[in-house]
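**Student:** I'd like to ask some things about the structure below.
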Amino acid sequence: MSQDTKIIKRTQFTPQESDIKNILPTQGKSKEEMRIFLFEFFGMALFAYGIICSQGSDEFLALFFFASVCLAAPFSGAHVNPAVTLAMLISRRINFGQAVLYWLAQFTGALCGACCCYLILNEVDSPQVKSTEYSWILSDVSGEAFGTFTFILFILIQTDSETTLTPEGQPMTTYVLVALALYFSRGFTFHSGGCLNPGMAVSLQLFQSFQTGDRQRMEFLWVFVGGPLGGGFGASVFFELFYKKQIKRL
């Protein structure tokens, strides 16, 4: 069977670089990239709508995340988070061009979800620090970083064929476990609200600041961007340089 006619196996949480770059012909690459963008966009929009509707409920937020993953995973891998995409880039599962495609879809998808929620429910909320004291800001950044580290480390473990905790060919089990990982990882961030998603934070805060005219809401946006991105970076480095090597020694 030639490379151009190989069928991509879609049972993993994230598409491998070879799936897009090496297997598909040029025309196929364009179609695949469009498919990735659209489903990542819709997955992020659904998750943004769910975050606002959940009113801070961990259970409902995890359920909406699970629904977003089920929608997008067979087509885009369902990163639904720029920090996850960064980790996949560092782990060399996607290339930089693909990462940019994911990020564009994620930011625009979250904005679309916020617009839909405002038009339907006349309500949009975004993550916000509760206290501007230095100690609490440090706590919020640390919580977002540790929570994201835990969440993304589990994703990396579960989606690598050498470290996965479940048999291959059971994607639904992976979706459930990843949703549970988000649910428990938010426990690190009780004070900051458990965003763990820089794309969601930027898009929702941008929408709400322009909708209300309150530009000061953006002052501490860096907490919800820097924390998760740092956690995602740390998770990918830890997984590649330590965890995976230790598993191979067993």
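Keep in mind that glycine also has a Cβ here, set from the backbone N, Cα and C atoms.
What TrEMBL records for this protein is below:
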TRANSMEM  36-57  transmembrane segment
TRANSMEM  63-89  transmembrane segment
TRANSMEM  101-121  transmembrane segment
TRANSMEM  141-160  transmembrane segment
TRANSMEM  172-190  transmembrane segment
TRANSMEM  220-243  transmembrane segment
**Student:** Among 63-89, 141-160, 172-190, which stretch has the highest count of C-beta pairs below 8 Å with the transmembrane segment (220-243)?
**Tutor:** 141-160
**Student:** Sequence-remote contacts (6 or more beyond its ends) of the transmembrane segment (172-190), Cβ cut-off under 8 Å?
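**Tutor:** That would be 13, 58-59, 61-63, 65-66, 69-70, 73, 78, 140, 143-144, 146-148, 150-151, 154-155, 158-159, 164-166, 196.
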